[in-house]
Amino acid sequence: MRYIEQEKVVRRMNGRMVVNRVFQGLFMFATALALLALVILLYRIVSQGAGHLSIDFLTNFASRFPDQAGIKAALVGSIWLMAVVAPTSILLGVGSAIYLEEYAKKGRITTFIQMNISNLAGVPSVVFGLLGLTIFVRALALGNSILAAGFTMSLLILPVIIVAAQEAIRSVPGELRDASYGMGATKWQTIVRIILPAAIPGILTGSILALSRAIGETAPLIVVGIPVIIQFLPEGVMDTFTALPMQIYDWSSRPQAEFQTVAAAGIIVLMVVLLFMNSIAVFIRNKFDKSY
Amino acid sequence: MRTSVQELIAKSKDKKSKKIIEKLIPVLLFLIASVSVLTTIGIVLTLIIETVTFFTRVPLSEFILGTTWLPFANSGAQFGIWPLIVGTLKITGIAIVVAVPIGISAAIYLSEYASDNVRRVVKPILEVLAGVPTIVYGFFALTFVTPVLQSFFPDIKIFNAISPGIVVGIMIIPMIASLSEDAMSSVPKSIRDGALAMGSTKFEVAWKITVPAALSGIIASVVLGLSRAIGETMIVSLAAGSTPKFDGDFTGSIQTMTAYIVQVSKGDAGYGTTIYYSIYAVGFTLFLFTMAMNILAGYMSKRFREEY
């Protein structure tokens with residue numbers, strides 16, 4: 001008795017292969033479509049904004065007149081913002097990761113903190129803005145300052161940094177740790193002198209990627225009440241400021257068509273900053289990626 | 001006099017400062033780690049407290065059942081949340097229609113068909129797509145997608161639900177694609193090889209073996225995409241308009257929950273006004289929606305995970 005009907009299999013073979021080909025084409029087409037979206041997006045922005053890019057654009061303040069509008073205040077503001085966000089978020093993120101990976105006992109509290117972190121990562125950024133508005137701007141009376149916005153952004157990207165730092169610490173092999181203890185080092189000495197140096201490339205890569213998210217975020221800044229039109233540069237963390245995405249948002253939402261060109265030029269500046277940060281991250285990953 | 005290593009170790013162990021550091025550090029790190037928990041508590045508390053203040057001025061029933069959102073009316077302002085929810089659902093619906101077929105197709109292509117070389121090129125590009133700031137997507141929706149749509153369908157207004165919906169969809173494609181691909185890649189190769197050895201085509205393997213086995217992960221990726229689409233703010237603020245509407249119109253200006261919060265924050269709604277408190281009530285509603293989605297996604301990927 002034959003289990004396989006040879007004829008039936010042969011008859012259906014061609015059809016099955018055609019179906020396979022058709023769907024392969026469809027799946028490929030869908031993937032190409034996603035990539036095409038990125039190409040069109042980048043092409044549109046560069047072709048629209050490149051004409052407006054100049055040294056003047058980088059060194060002028062915002063203006064009512066599109067041809068004089070510059071991005072100086074926003075660019076400097078974004079750098080100030082990062083100067084607050086980077087130390088705050090990396091300190092909190094790495095500290096939390098060390099606690100969770102090295103000190104915390106696996107139990108209910110650790111599971112709870114871990115679950116809380118992944119849930120926090122899913123909270124919309126605009127809700128973080130409401131938190132910042134209530135706590136930092138009003139309750140702590142920091143006003144529309146770099147500090148208030150910086151703390152808000154730090155909390156927003158905190159979950160990303162914690163998870164990245166945890167993975168980096170986890171990937172440090174156990175032998176290094178054991179060797180350090182074997183030499184009589186204490187736990188903290190082992191962490192500071194052995195584990196952190198080994199984990200630092202991973203931590204930095206993750207942190208830079210998280211920071212590049214913070215530099216492009218707009219919604220929390222709007223909710224916190226960061227102004228757009230600013231004709232001076234901040235001199236300290238308690239000064240008010242504006243940032244690249246805020247400035248781009250303002251230009252994009254103006255009705256005059258000329259301002260769309262200015263907005264596109266602003267987006268090019270933002271994308272170049274992002275590209276720069278991402279290149280550093282990739283460079284660190286490749287340069288220091290040790291395999292044990 | 002020479003001290004032995006043993007004595008050195010004993011001496012260094014005796015140092016008081018070191019003992020204190022070893023005791024103090026865990027406490028300090030625990031405090032740092034609790035910041036993330038405090039953030040969650042802070043979010044929930046601020047939302048609840050300000051929302052309660054809001055409900056002392058606007059009845060809860062009006063907020064939950066009302067179908068008119070007219071906060072800026074000089075007299076007879078109305079705060080029925082449904083128009084904002086409907087606006088959010090319109091955007092989310094279009095985004096899902098765009099992102100799910102493309103995202104899952106791309107995931108199947110990458111995990112089942114693509115060669116290693118193709119994967120090495122495509123995956124970083126998808127990562128770039130995921131890293132584009134939402135304000136850039138918003139600009140793209142307003143200045144490119146809307147005019148293109150208008151040239152095909154002249155009825156579409158400058159502010160509409162379709163264009164930002166499509167662009168939110170484009171934004172969440174990388175997320176759905178990469179999470180689904182992760183789920184499919186974790187299906188063991190042996191199962192695939194078994195099916196191929198029995199004479200299955202690659203499509204049959206993908207459709208009858210990989211996708212069913214990875215289904216929980218795929219659904220979780222879609223739910224997370226939904227949550228992102230609901231919370232997306234800048235694309236809708238720029239391109240969807242600011243007209244809260246309780247109807248089925250996609251071609252005209254609408255308003256989502258997130259866009260309302262931005263609209264009020266941009267304006268000069270003074271501290272302590274009903275409008276000021278209303279953004280917390282809307283934010284709380286938004287928070288509940290995304291929270292429910294995130295918990296559902298976590299549940300899906302845990303509950304239905306098949307172990308091999």
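Note: Cβ is positioned from N, Cα and C throughout, glycine not excepted.
A TrEMBL annotation is a machine prediction, not a hand-curated record.
What TrEMBL records for A:75-280 is domain 'ABC transmembrane type-1'.
Residues or ranges marked as transmembrane segment by TrEMBL: A:21-46 (among others).
A Cβ distance under 8 Å defines the sequence-distant neighbours of the transmembrane segment (A:79-100), meaning residues of its chain 6+ beyond its ends; these are 110, 113-114, 117, 146-147, 149-151, 153-154, 157-158, 160-162, 164-166, 168-169, 191, 196, 203, 207, 210-211, 214-215, 234, 237, 241, 243. Taken from TrEMBL, the feature transmembrane segment covers A:79-100 (among others).
Within its own chain, the transmembrane segment (A:120-140) has Cβ neighbours under 8 Å at 147-149, 151-152, 155-156, 158-160, 163, 217, 219-225, counting only residues six or more beyond its boundaries. The annotation transmembrane segment is assigned in TrEMBL to A:120-140 (among others).
If you look up TrEMBL, you'll see A:146-169 (among others) marked as transmembrane segment.
Counting only same-chain residues 6+ beyond the ends of the transmembrane segment (A:190-211), those with a CB under 8 A from a CB of the stretch are 82, 85-86, 89-90, 93-94, 97-98, 102, 157, 160-161, 163-165, 167-169, 171-172, 176-177, 179-181, 277-278, 280-282, 284-285, 287-290. The transmembrane segment annotation in TrEMBL covers A:190-211 (among others).
Annotated transmembrane segment per TrEMBL: A:262-284 (among others), in sequence order. Listed by sequence, the residues of this chain that lie at least six past the ends of the transmembrane segment (A:262-284) yet keep a Cβ under 8 A from its Cβ atoms are 42, 44-46, 48-53, 57-58, 66, 69, 71, 74-75, 78, 201, 204-205, 208-209, 211-212, 215-216, 244-245, 247-248, 251-252.
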